[in-house]
């Protein structure tokens, strides 16, 4: 890497003055412009900010506590006549509330319910349908495993060995496509298998078995006009793996499924059926909660678009202007009203880092980039004197954005944030400069070289740390050391997801270094398909590590920080699911953004 010295004025001047701006041949990736017009975002309006809707939510919360939880919270001493499925009922209620995104209103009640059910969980025998009988079925155990594990209770997947026969099947498959109870059990098994830690082979076997059966059921019902809600739910779960089922997207889809569930398939027809009046209250709360949060997002999008409209960099046409897409990525995971500052921070830093990424990867020349990197690291405006105007504009934008965030972060967490931010900032600038030098020299690095530079250049460390510092919660003094392992796992996963989707586009833009290309270089004779298959295997194993970090991380860090990292990865997996939906904001991605951020759900 070219040395980033104390001063690059003469270096920049000597090289840049040799050619006028018109003579410099710049690479341009021809990204499409920002698709979210200022006027459109400023026009967003919603009635759900009115106090009456918040009052209605509070009423519904109290009614649900009385109507549903009063019968579920407590043990046998308070409930002398438990139903024939009281444990399954508890798991079902918690699962529905979490799928609909309203569980935060019932934290105390949910903990009491799960503490009760956990007393009956046995890692060898599993759990029965009810506290008063010994009937053990696959659906209850699969749903219970998923709910308990996601809520940080230790449960072993060994219970599923009780349901696996010598042929590897977990259920009698006779007429399973027409038998809703069997199909529901298969769906619960699949959803449980998605919450897999490394080396849990029984869950991998369960996933393979359940996914094969569920895909057969989908194919069998493909031509039906009036599909059951259970089949619609199966189609959704199989189309969007848990890897990319970000919370707000999950909520939107489950509201649709729950609302259309007139045949009570979600309520496990024939086993447990929730009374319609209780279902109606839960659905009303979920829709109101979604719309009220969306009203908050409308207000934030107005702030964000106003901020962007007042910048000078918006006039530059060589980079991806994706501030709304960044906001969407973050809001899908951390959506609560009190996290407004961190959402806006993520979108602003994302817009800044994308600008710098496109300068270093595509638009800038190496003669410009070396002094530019020094200026960014040292915040030295004097270095910019002999650099082109577009870089001066970008430097001023970077400096202002960085300092605004640093000022706000210091108010919350003290002066220690200055070093944290600068160390992370320096790392990404140097990593991007390294990438630029490889491009300039047409150099394809070794896999080791690539990983040392490309993981920091994913932008994960900067985006996550800067946003985290605007979360108003108490951090341990050694928070940076504690998040390192989690952060590295997310960065590595995002790098693989990114490279596996857009390596061909980047190669056409002159960016030959991607994990795919480096792996093929290091393994002569490997085809691109083989390299992609290997990348997908690494993505899957890395996600298993992420799941374990999310649920049982070895260090004590605030739960909001764990959510930030975990859902940041899932948001990237979501937007890169089929294509690089970030660089190419397709109609499908725009429609998804509208569903979550723009269009209310009507009753």
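One is the number of the first residue shown, and numbering goes on along the chain from there.
Here the Cβ of each residue, glycine as well, is placed from N, Cα and C on the backbone.
Fair warning: this is a prediction, and the values are worked out from it, not measured in the lab.
Taken from Swiss-Prot, the feature compositional bias 'Polar residues' applies to 1-13.
According to Swiss-Prot, the feature region 'Disordered' maps to 1-23.
Swiss-Prot lists 357-361 with the feature motif 'DDXXD motif'. Long-range contacts of the motif 'DDXXD motif' (357-361) within the same chain, counting only residues at least 6 positions beyond its ends with a Cβ under 8 Å from a Cβ of the stretch, are 29, 31, 318-320, 369, 372, 391, 394, 432-433, 435-436, 439, 457, 459, 506, 509, 511.
Taking the Cβ of residue 357 (Mg(2+) 2 binding site) as centre and 10 Å as the limit, one finds 18 other Cβ atoms among all the protein chains shown. Annotation note: residue 357 (Mg(2+) 2 binding site) sits in a helical segment as assigned by DSSP. The Mg(2+) 2 binding site annotation in Swiss-Prot covers 357, 361.
According to Swiss-Prot, the Mg(2+) 1 binding site annotation covers 357, 361.
Taken from Swiss-Prot, the feature Mg(2+) 3 binding site covers 498, 506. Listed in sequence order, 458, 572, 576, 580 are the same-chain residues six or more apart from residue 498 (Mg(2+) 3 binding site) with CB atoms under 8 A from its CB.
Residue 361 (Mg(2+) 2 binding site) has a Cβ environment of 21 other Cβ atoms inside 10 Å. Across all of the motif 'DDXXD motif' (357-361), the predicted model scores a mean pLDDT of 95.
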